[in-house]
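Dropping the structure in here first, questions after.
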Amino acid sequence: MRGGSSDAERRQRWGRLFEELDSNKDGRVDVHELRQGLARLGRGDPDRAQQGVSSDWDADPDGGLSLEEFTRYLQEREQRLLLMFHSLDRNQDGHIDVSEIQQSFRALGISISLEQAEKILHSMDRDGTMTIDWQEWRDHFLLHSLENVEDVLYFWKHSTVLDIGECLTVPDEFSQEEKLTGMWWKQLVAGAVAGAVSRTGTAPLDRLKVFMQVHASKSNRLNILGGLRNMIQEGGVLSLWRGNGINVLKIAPESAIKFMAYEQIKRAIRGQQETLHVQERFVAGSLAGATAQTIIYPMEVLKTRLTLRRTGQYKGLLDCAKRILEREGPRAFYRGYLPNVLGIIPYAGIDLAVYETLKNRWLQQYSHESANPGILVLLGCGTISSTCGQIASYPLALVRTRMQAQASIEGGPQVSMVGLLRHILSQEGVWGLYRGIAPNFMKVIPAVSISYVVYENMKQALGVTSR
């Protein structure tokens, strides 16, 4: 092993560490001693490190770890750390320097500055050589909560928890371990349930947005309170949830199709590469989103028609589909498809770019202390990036909605995407392309909050472990 430690020396070192942690000297290290010891030694997050140690080697966590169990864990741990050290030591000179740290992050799609790489190195460099040798690496990570450099990406994974009613974002990344253990589908299910609850909770604002996109104009100055009042007067309070059923129903097929398409497209783009760069993720995510939208798009048209329906206009989902087919033909199910697909590029691109920018800014400022930014930072960055994506793609979303609703407006002109854009700009100006954006923004915070709470509870119910 690099570093020249004999087996006897390693066991002596492990024994000394065990004695440090065993504060009551009963020959076992229990959960409380482990937590207190890790906090005292400054070895990362005590909760997560303690979970990793006890889950690996002790059948009875309450009983604590014996010296033998603790030694077995550290032996296996050092072997994994040595493999990680070798993978980061690109030139195999026995030391990790600043440039190798930058290369490792770059391979994961994260761009960090020289100053930030030096901060990371300083946190482990005890002898002031501006490099990290095996002993420094081992001692820093032996009981540290991070398994590898990719844990930084785990914390920053753009999660399905942020469901704000639009499915145009780049899909989530799942590790090989998550795929092999089946955690990936549990996380997708948790995300789908969270999305369903979130969309149901914010359905009145979503219906108001669609209502204002289609009906608001210079001559019909529809505001938020006026729109809600009109809908309640026409169909009662429950009418505020019209169209929500199919909006929830389409979550599962769209998420599944997008995930499968993303994995296949990633494989084709990646080739022999280990990881995808941010630009490649954007291309793969956009193509996967376009694939999913192409397949489920008839459900989008049905959602718009059902959302805008008058009381008694349709008996239900199947009746709506039947009437559209009979009166307008199969092409009606793809009305507005072009602006919808074109909207994926600005939405997913800006969403991903803003998220990566915020992530890199956080890493440059704070990651020398911890790779985990905390849930408030994650939710804040996700909300800001999604909102920026929405602003950029909103005019196309409005044109799409109006085209989907064309046949449901009596005497409404059947115009193309370009024709509709020209009509809106000439009659209402640029602001006309942003009708309904106020209720759209109003639903972002409650949607994100609801989906996060439900997502975390669903993960717990399904047995999804957090690293």
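Positions of Cβ are set from backbone N, Cα and C atoms, glycine also.
Quantities reported herein were computed from a predicted structural model and do not represent experimental measurements.
Straight out of Swiss-Prot:
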REGION    1-148  region 'Regulatory N-terminal domain'
TOPO_DOM  1-187  topological domain 'Mitochondrial intermembrane'
DOMAIN    9-44  domain 'EF-hand 1'
BINDING   ASP22, ASN24, ASP26, ARG28, GLU33  Ca(2+) 1 binding site
DOMAIN    76-111  domain 'EF-hand 2'
BINDING   ASP89, ASN91, ASP93, HIS95, GLU100  Ca(2+) 2 binding site
REGION    149-158  region 'Linker region'
REPEAT    182-268  repeat 'Solcar 1'
TRANSMEM  188-205  transmembrane segment
TRANSMEM  243-262  transmembrane segment
TOPO_DOM  263-285  topological domain 'Mitochondrial intermembrane'
REPEAT    276-361  repeat 'Solcar 2'
TRANSMEM  286-299  transmembrane segment
TRANSMEM  336-355  transmembrane segment
TOPO_DOM  356-378  topological domain 'Mitochondrial intermembrane'
REPEAT    373-461  repeat 'Solcar 3'
TRANSMEM  379-396  transmembrane segment
TRANSMEM  436-455  transmembrane segment
TOPO_DOM  456-467  topological domain 'Mitochondrial intermembrane'
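Relative to the rest of the structure, where do these features sit?
Taken as a whole, the domain 'EF-hand 2' (76-111) shows an average pLDDT of 78 in this prediction.
Its own atom aside, the Cβ of HIS95 (Ca(2+) 2 binding site) has 18 Cβ atoms within 10 angstroms in the protein chains shown.
Within the chain, the transmembrane segment (188-205) has long-range Cβ neighbours (under 8 A, six or more residues past its boundaries) at 159-161, 163-165, 172, 228, 240-241, 243-244, 247-248, 251-252, 255-256, 259, 439-440, 442-443, 446-448, 450-452, 454-455, 458-459, 462, 464.
Within the same chain, residues 167-171, 246, 249-250, 253-254, 257-259, 261-262, 265, 321, 333-334, 337, 340-341, 344-345, 348-349 sit at least 6 positions outside the transmembrane segment (286-299) and bring their C-beta atoms closer than 8 Å to a C-beta of that stretch.
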Mind tallying the repeat 'Solcar 3' (373-461) by DSSP state, helix then strand then coil?
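The breakdown for the repeat 'Solcar 3' (373-461) reads 75 helix, 0 strand, 14 coil.
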Express the distance between the Cα positions of ARG28 (Ca(2+) 1 binding site) and HIS95 (Ca(2+) 2 binding site) as a whole number of Å.
35
So which other residues, same chain and not among ASP89, ASN91, ASP93, HIS95, GLU100, have a Cβ within 8 Å of the centroid of the Cβ atoms at the Ca(2+) 2 site?
LEU88, ARG90, GLN92, GLY94, ILE96, ASP97, THR131
Using DSSP with the three-state reduction, classify ASP93 (Ca(2+) 2 binding site) as helix, strand or coil.
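Its secondary structure by DSSP: coil.
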Between ASP22 (Ca(2+) 1 binding site) and HIS95 (Ca(2+) 2 binding site), what is the CA-CA distance rounded to a whole number of Å?
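For ASP22 (Ca(2+) 1 binding site) versus HIS95 (Ca(2+) 2 binding site), the Cα atoms are 33 Å apart.
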Mind telling me which of the binding-site residues ASP26, GLU33, ASP93 has the densest Cβ neighbourhood, counting other Cβ atoms within 10 Å?
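When each Cβ's neighbours within 10 Å are tallied, GLU33 tops the list.
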